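The annotation transmembrane segment is assigned in Swiss-Prot to 12-32, 34-54, 91-111, 142-162, 204-224, 226-246, 257-277 on the grounds of sequence analysis.
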Amino acid sequence: MDIKAYFELIRLKNCLTASFGAFIGGLIASYFNISMIDNLILASIVVFLVCGFGNALNDIYDLKIDKINKPKRPIPSKRISLGEARIFSYLLVVMGLIISMFNITCFLMAVLNSIVLQQYASTYKKNKIVGNLIVAYLTGSVFIFGGIAVGNIDVTIMLFLCALFAMWSREIIKDYEDIEGDIKEKVISIPIKCGEKSIYIAAFLLVFAVLLSPLPYLFGFFGIYYLISVIFCDLLFLIGIYNLVMNPSKKEAKKASRNIKIVTNLVLIAFLIGSLFK
């Protein structure tokens, strides 16, 4: 068995990042209550396994395209057979769902996200108008999952919403970068439908995320340290998207996409600061 090939199949780095997101979400929601560590570890394992299932499914459904565009991926390179990939993906999701039974709400959300991942891989990868929203939802949902695991989703819902709208904006900007390739692949996307106007849609979504970001302070969940930290992040968001609106080039779109990814991680740190120094 080529272990490295299986790690490539599930995109190990992505799985670890998602798993870490659930762990951090739970830490924030529990205000660093160490007695919840068992639940946090279980939640992180579930997210790792379900994320791996989704990534493996993507490669299964993309086999024809990957034979041309990514021939070194595990399945087209025949390091893993199509049948082995299917069995492995089923094992991942079954193990993830079994472990998620430590909390009935976690189990229900794991089932929901597994279905969403399957639908995304099979149906919505070429319809990015829907697919972008799915990716944004899945990105943000790991924080709620961590909150569910520790029995408190109040703060993580706000983190989820900020992440959802920021990532939704980023996905549209990425599609703007890739518009020529998507036209060739007959993909449906907002930039293909709207052209440069799609930048304004992305800007609106990002500004909405910025407007949501002070809510944990306004509702009294976090204190002034959070507010100062998140305002700094918001300024970085706004500068990046302003530059793109003023100069809607592919080069500027790439910068804006990278900026959103980096600043979203900084927002996560702001939430950690808020949880630590309430």
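Quick reminder: no glycine exception, Cβ is built from N, Cα and C everywhere.
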Candidates 12-32, 91-111, 204-224, 226-246; stretch with most C-beta pairs under 8 Å toward the transmembrane segment (142-162): 12-32
Same-chain residues at least 6 beyond the ends of the transmembrane segment (12-32) whose Cβ lies under 8 Å from its Cβ atoms: 39-41, 43-48, 51-52, 55, 142-147, 149-150, 152-156, 159, 268, 271-272, 274-276, 278
Whether the transmembrane segment (91-111) meets the transmembrane segment (204-224): three or more C-beta pairs under 8 angstroms: no
